[in-house]
Structures are given as structure tokens and as C-alpha cells.
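Can you keep this structure in mind? I'll have questions shortly.
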Amino acid sequence: MKLVIVESPAKAKTINKYLGDEFKVIASFGHIRDLPSKKGSVIPDENFSMKYDISEKAGKYVDAIIKDAKKAESVYLATDPDREGESISWHIAEVIKEKNKVKSDDFFKRVAFNEITKKAITHAIENPRKLDNNLVNAQQARRALDYLVGFTLSPLLWRKLPGCKSAGRVQSVALRLICEREDEIERFKSEEYWDISLKMLNSNNELFTAKLTHINDQKLEKFSITNDKEAKDLTEKLKSQNFHVDKIEKKQQKRQPQPPFITSSLQQEAARKLGFSAKKTMQIAQKLYEGVDIGKETIGLITYMRTDGVTLSNDAVDEIRKLINKDYGDKYLPSSPRIYKSKVKNAQEAHEAIRPTNINYIPNDLKEKLEKDYYKLYELIWKRTIACQMENVIMDLVNATLASENKEYLARANGSTIAFDGFYKVYRESIDDEAEEENKMLPPLKEQEHLKTKEIIPNQHFTEPPPRYSEASLVKKLEELGIGRPSTYATILSVLQDRKYVTLEKKRFIPEELGRLVTVFLVGFFKKYVEYDFTAGLENELDEIAAGKLEWKSALGNFWNGFNHNIESVNKQNITEIISYVQQALDYHIFGENKDSKVCPSCKTGELSLKLGKFGAFLACSNYPECNFRKSIVSGNDNNEADGEAKDIVNENKVLGKDKEGIEIYLKKGPYGPYIQYGEQVDSKIKPKRSPLPAGLNQNDITLDMALKLLSLPLKIGNHKESGEEVLVGYGKFGPYIKYMGKFISIPKKYDFLNLSLDDAMKLIEEKLNAIAAKQPNPLNMDEVTNLVDKKIKVKKTKK
């Protein structure tokens with residue numbers, strides 16, 4: 001028995017019908033091994049050794065693979081024809097070697113095919129090769145890079161920016177693009193401008209529209225007319241002018257078809273034309289590739305969908321040209337096949353473009369046999385494939401220049417018509433941001449023909465900010481920058497949404513506050529690693545590894561040395577400095593240009609500033625604790641410390657010193673913020689004495705003496721000079737206080753409560769008691785105001 005292993009049951013089912021009884025086709029159900037999500041899965045100090053585990057989910061499938069492999073005379077590894085597929089095959093081979101004690105590599109045969117057809121499968125089985133270690137190493141390097149970034153940068157994020165979930169090597173760069181576009185939009189200042197339209201009638205009374213372009217030989221620029229008065233004055237002048245056709249220019253323009261689909265262009269066009277997300281597009285394309293039931297049989301309808309190559313096989317081109325000639329006629333067929341070259345930065349072009357496996361499977365014939373969305377995507381791929389080998393579209397363009405009698409004013413009218421529809425017969429590509437109006441036909445015009453002015457219309461416009469990224473335009477931008485690969489685009493977009501860093505509204509990406517915090521932090525403290533050129537450079541290095549031009553562990557070492565140094569440096573960075581930088585970077589976004597927006601809306605005297613709490617970032621009033629206003633800046637955050645204290649976050653356990661008995665005093669971070677701790681906790685049932693860090697107190701300013709005083713609270717500072725009762729100073733939920741005869745009296749911010757004198761305390765007590773007495777009603781009109789606290793305190797009698 002010869003064992004064939006593929007990734008999915010659907011693929012196995014389709015392939016099985018093309019092979020004889022001597023073959024058994026089984027599925028691995030995707031990856032069988034991966035780096036576990038824990039520390040130590042990649043060990044840089046051990047030459048980047050990688051510790052793979054068989055996932056719990058894959059366990060039963062691995063058992064079946066091992067069992068069948070024991071009976072097999074050879075194993076055909078028929079996973080997808082890219083780096084990831086090569087990696088899956090390598091992992092399967094490694095597990096079989098380990099479990100079945102297979103020593104010879106000849107036992108394994110790697111077969112790769114770009115489409116699941118009988119011809120392609122048979123050819124692959126008859127022409128096996130060995131596993132390509134270069135491709136495997138490139139995929140291992142990518143996985144190691146992603147792991148090292150994720151498992152070193154993410155924990156640092158948790159410590160420095162509570163509430164932020166993770167950072168990834170490529171996702172962070174995509175997030176930066178979205179955030180920077182939002183910054184552009186926020187800072188954009190709209191400007192007013194005007195243009196003038198002329199509604200004209202030719203000698204046959206046929207209406208057309210022209211636009212004013214010149215005044216006294218001066219070309220009108222975008223901002224030549226900037227207000228209503230200028231526009232109206234000019235409109236009045238034009239009403240008295242007589243115009244004629246000064247010049248007519250005619251020319252033809254050829255429009256060439258777009259290349260066949262690659263992964264990114266398929267995702268972009270499916271988003272524009274069908275409204276599919278990148279993830280949905282790839283899920284459907286995967287099914288169309290692996291095989292779908294079309295009634296009489298299960299077949300793979302399209303070629304492999306993860307590709308950046310734009311070439312088509314000679315056989316495919318021949319079949320496409322035959323169909324064009326048969327169904328559309330020879331005038332739609334170019335004299336020779338069209339050949340395309342990729343414009344994608346760092347394109348691998350190892351595979352064909354995405355095309356139907358059999359161009360004679362006409363979409364309309366399959367409409368009733370395919371699920372609705374499957375049909376839509378297949379039709380899109382089929383039409384694009386046909387169109388890419390069809391004749392050009394030919395456009396007739398007409399430009400008419402209109403002039404006033406003395407040529408003081410010139411206007412222009414443009415028109416276009418399709419002289420030959422060419423590939424438009426089958427397919428027309430969409431664009432992201434289409435103009436409001438396309439060129440229209442002009443009526444017949446002759447030079448020197450006199451025209452009638454029907455209407456002069458001043459049009460007001462305002463400049464608009466750049467549009468937010470759609471899925472299509474973001475994928476296009478990533479592709480242009482050379483960031484990511486065909487297999488990663490959909491995942492990048494999904495991860496950003498899953499982690500609540502961005503939302504997709506009206507098919508446009510909007511960054512959440514959490515995403516902006518992460519981006520500001522990374523740009524400020526890891527700028528090199530979120531630079532577009534650097535990330536594209538890493539992709540290029542992975543390509544060089546795949547081509548055997550670069551040793552993969554050497555590439556990992558070059559990256560890790562600098563990145564790890566950066567991590568260590570930021571780890572030592574003071575949280576106050578980080579908060580200060582983040583606030584400065586987000587200042588315009590949070591407060592805008594109006595300085596009054598920083599004024600606390602509650603107390604009207606304090607100033608709002610950024611704080612970080614256990615649930616993330618929030619704004620707090622500088623008058624805390626007198627003013628307890630705070631507001632989360634993270635949308636959807638219900639736990640925004642609205643009833644807690646505004647705190648900075650301390651990230652390290654720090655020893656401040658020892659007391660007289662030699663016990664160490666610690667500054668630590670807890671779930672509710674920084675605190676002081678007396679000694680180590682040696683018994684899990686007995687907690688050492690602790691004291692929260694007062695709000696507004698910078699943890700870097702805490703001294704041993706201050707810490708000891710905090711731990712001694714509540715502290716007796718003396719006895720009241722009149723009543724003889726003890727006076728205590730403490731610190732609680734609402735800040736520092738004086739405790740006197742069962743009453744709690746807040747200590748204003750202007751006092752240093754840790755060094756409060758008895759005289760100051762007595763003054764605050766008296767003010768408080770007088771305030772209480774003043775608020776008491778006196779319905780009996782008594783001569784003496786009753787002392788509500790204690791009769792031992794003497795009070796003056798009021799006059800009747």
C-alpha cells in the first residue's frame with residue numbers, strides 16, 4: 001500500500017478518485033505540530049532550537065497516520081505547494097520517523113501540484129521529489145520570528161500598557177498603517193474651493209457641460225476661486241459672454257485587461273464586487289480548490305489560491321483562447337497570448353495565477369449546483385481569467401475647448417465612447433474610490449460653432465481627508481510595501497479585529513483606542529521594528545532562505561540580537577516616562593487643539609491627564625482626591641476604575657531598603673496598583689503588612705523613610721490640646737485623613753500628610769467641626785449651639 005497524506009478530508013476525497021487501489025489517501029487535518037504557547041518553545045541561546053508539540057486536537061489524526069505509515073511501502077506527502085505546505089509535510093515526516101523509527105528519507109516522496117485534476121495528480125505522483133529543506137527552513141524562520149516577537153513583546157506590553165493584549169511582527173505594522181491614516185484624517189483641515197460649470201447648447205440645441213479652465217491665459221488651479229463672492233462675481237461676468245468651439249481634439253485610447261488573479265488581487269476584487277471579507281474569500285477559495293460536489297462528481301474548480309504569480313500554463317492559455325474564439329469571435333482574440341509579469345514587491349512567482357482548472361466549466365452551467373457565494377467567487381475568477389487573454393478595449397476620446405469672443409475665458413468639455421468593448425464584453429475591474437461621474441458622450445460639435453449659454457453654475461467644494469482603509473485597499477497597501485505574503489493577509493486583518501485593535505465600519509477600518517495606544521508605544525520605543533522597510537526587508541530575507549541564499553539561523557540571530565537588546569532597554573524604562581510619551585503622542589487625538597478640552601468637566605479647575613490602571617488607559621483629574629473624575633479612553637471598557645483610584649503603574653518589584661530590624665521593604669505591583677510591602681510572604685495564610693501607594697505620588701520618588709511611614713499608618717501624631725483625645729493620620733480609599741473621636745477628616749492636597757504637624761491637624765479638625773455645626777438646623781432657636789461632637793469642646797454662644 002502506498003500512503004498519500006494531504007491536509008483536508010475534502011482534498012483527500014477529490015484526489016482519491018484519481019488514484020488506483022494501491023493508494024490510500026488520508027488527511028492530517030492541517031498542522032499536526034506547532035510551537036506551544038509558552039516560554040521556551042524557541043531557545044535563542046541554544047542556536048534557536050525549537051520545541052514542537054503535537055497539539056491535543058491533532059493527536060487522534062497523528063495516531064492514524066502512524067498506524068497507516070507502518071503498513072505502507074512509501075509515503076507520498078501531498079500537502080499544498082507552498083512554504084506552509086512544505087512545512088506540514090516535513091512535520092509529518094519527522095513524526096513518522098520518530099514514532100516508526102524510519103531511518104531512510106527515501107521512504108518519503110514529496111508530490112506537489114497546483115490544481116487537483118487527474119492530469120496534475122498523476123503527473124505529480126509519477127514525478128516525486130524530496131522535501132525542500134530551504135522552504136521548510138524559511139517557514140521555520142517565519143514561525144520563530146513570530147514567536148520571539150510575540151512572546152517577548154507581548155508580556156512587556158502587558159506590564160507597560162495594561163489592557164493591551166499583544167503585538168505581532170506583521171500585524172503591528174498593519175495596525176500602524178490604519179492608525180497613521182486616522183491621524184491624517186483627524187489633523188486634516190478642510191479647505192473651500194469652487195469651480196464653474198457651463199451648461200451649453202450646440203447648434204442643434206443639444207445640451208452638454210463644460211468646465212471653466214482659464215481666465216486671461218491663466219490656468220485656474222484648484223484654489224483659484226476660494227469663496228462664494230469670487231464665484232458669484234465670476235458667474236455674473238460669464239453670463240454676458242458668447243462662447244464658440246475653439247478647438248476639438250480626438251484620439252483613441254487603448255485599455256489593457258488586468259492580469260489573472262493572485263491572492264491579494266482576488267481578495268481586493270471580492271471585497272469590492274462581492275462584499276466578501278478577506279477571510280471569507282480565502283475560505284471559499286480553499287473549498288473551490290480542494291473540491292466541491294457539482295452533482296455527478298467532486299472536482300477542484302480552481303488552482304491553488306495562495307500565490308503571487310501571474311503566469312498561466314501554456315495548456316491553460318490554449319484552452320482559454322479556444323473558448324474566446326468559439327464563444328466571442330476572433331475579433332476578441334489577440335494575435336498572440338498575453339504574458340504578464342508581477343508588479344508585487346518581492347513576488348515569489350513559484351505558482352500559477354488563480355484560474356479555473358477547466359475553463360469549459362462555464363459559471364452559468366454550475367449556478368444551480370454550487371452554493372450561492374461559491375458560485376459568485378468562481379464566476380469572478382472565471383471572468384477575470386477569460387478577460388486577461390482578450391483584446392483591448394478601445395475608447396474614443398473627445399476634448400472640446402470653448403472660448404469667449406476675445407478668448408478671455410476658456411472652458412473644456414470632455415467626452416468618451418467605447419469604440420470596441422474588447423475584454424469589457426466579459427469583465428470590468430472595480431476601483432476603491434470611484435469618481436462621481438465618468439466621462440460621458442458629447443453631442444456633435446464643430447470648430448468655430450457658436451454656442452448658446454443655458455446656465456452658469458458655481459460649484460462649491462471642500463477638500464476631503466484621505467479615505468480610511470478598506471480590506472481591499474489595506475491588502476493592496478501591504479502588498480505594495482512588500483509586507484506579508486499571500487497566505488498571511490487574511491489572518492493579519494482577522495487578528496487586528498479579534499483583539500479589538502480595530503473595528504470595521506461601513507467596510508472601512510477604524511482604530512480603537514487600544515490599537516492607538518499600542519501603535520504609539522511601538523513607534524516610540526520599537527520604531528525600527530514597525531518600520532515598513534524593515535518589515536519588508538525581513539520578508540525578503542525569508543525569500544532568500546527559501547531560495548537557499550541565506551542560512552536561516554543566521555538570519556534569526558541578526559534579528560534577535562538587536563530586538564532582544566531593545567526589549568531589555570525598554571524593560572528598564574520608567575513607567576512615568578512611558579506614560580508621558582504616550583500622552584504627548586496622543587494629546588492631539590484626545591484633546592484636539594482646544595486647550596479648554598483639558599479642563600476637568602467635573603471640578604472645572606483641574607486638568608485631565610492620561611493614567612494607566614489595571615484595565616487600561618483613562619483620563620483623571622489633577623485635583624484628585626478632591627475631584628474623583630475619571631473617564632476611560634478605551635471603548636467598551638466597563639471596568640474603567642470609575643470607583644477606584646487613579647494610579648500610575650509600577651512594573652518591577654523593587655527593594656527600597658531595610659528597617660531597623662533588617663526586614664526588607666518592597667515596592668510592588670498588584671492588581672489594584674503599586675503598594676508597599678513589609679518583608680517577604682513566607683506563609684500563604686499570613687499576609688505581610690501592606691500599604692497602597694497614594695494617588696499622585698510618583699513611585700520613583702518613594703524613599704525608604706516614606707515607605708516606613710506609610711506602613712506605620714494609621715499613625716498617632718499627638719493628643720488634642722483642648723480635649724486630650726488622640727489624633728491619628730491614615731490613608732484610605734478616599735485619600736489621606738485625620739481620625740479624631742470617631743470622625744474622619746480629609747487632608748487637603750496642599751498638606752504633606754506623612755509629615756502633618758499636630759497644630760495643622762487641630763486647625764483642620766476645627767474647620768471641619770465648624771462646618772458641621774453651621775449646617776445643623778436650629779428649630780428651637782436655642783441660645784447655645786449644641787456641640788455635636790463632644791461637650792468637652794467649648795463653643796461660643798450666639799446672640800439672639
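Keep in mind that glycine also has a Cβ here, set from the backbone N, Cα and C atoms.
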Quick one: which of 40-45, 166-171, 442-447, 496-501 does Swiss-Prot have down as region 'Interaction with DNA'?
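Per Swiss-Prot, the stretch marked region 'Interaction with DNA' is 166-171.
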For the feature zinc finger as recorded in Swiss-Prot, pick the matching range from 124-151, 600-627, 740-767.
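In Swiss-Prot, residues 600-627 carry the label zinc finger.
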Between Arg142 (site 'Interaction with DNA') and Asp80 (Mg(2+) binding site), what C-alpha distance do you get in Å?
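Rounded to the nearest whole number, the Cα-Cα distance is 17 Å.
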Among the recorded positions Trp158, Tyr304, which residue has the largest number of other Cβ atoms within 10 Å of its own Cβ?
Tyr304
Cα distance, Arg499 (site 'Interaction with DNA') to Arg306 (site 'Interaction with DNA'), nearest Å?
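If we compare the Cα positions of Arg306 (site 'Interaction with DNA') and Arg499 (site 'Interaction with DNA'), the gap is 25 Å.
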What's the CA to CA span in angstrom from Arg499 (site 'Interaction with DNA') over to Glu7 (Mg(2+) binding site)?
28
If we check Cα distances from His31 (site 'Interaction with DNA'), which of the recorded positions Glu7, Asp80, Tyr304 wins as closest?
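Looking at Cα distances from His31 (site 'Interaction with DNA'), the smallest one goes to Glu7.
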Between the Cα atoms of Asp80 (Mg(2+) binding site) and Asp146 (site 'Interaction with DNA'), find the distance and write it as a whole number of Å.
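Their Cα atoms are separated by 21 Å.
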Is the region 'Interaction with DNA' (166-171) packed against any residues at least 6 beyond its ends, judged by a Cβ distance under 8 Å, and which are they?
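Apart from its flanks, the region 'Interaction with DNA' (166-171) reaches 145-146, 149-150, 153-154, 157, 483-484, 488, 492, 495-496, 499, 518, 522, 529, 535, 538.
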Among the recorded positions listed here (Glu7, Asp80, Asp146), identify the one with the smallest other-Cβ count within 10 Å.
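Sparsest of the recorded positions Glu7, Asp80, Asp146 by Cβ contacts within 10 Å: Asp146.
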Restricting to the same chain and to sequence separations of six or more, state which residues have a Cβ under 8 Å from that of Arg143 (site 'Interaction with DNA').
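Once residues fewer than 6 apart are set aside, Arg143 (site 'Interaction with DNA') is near Asp34, Leu35, Met50, Ser87.
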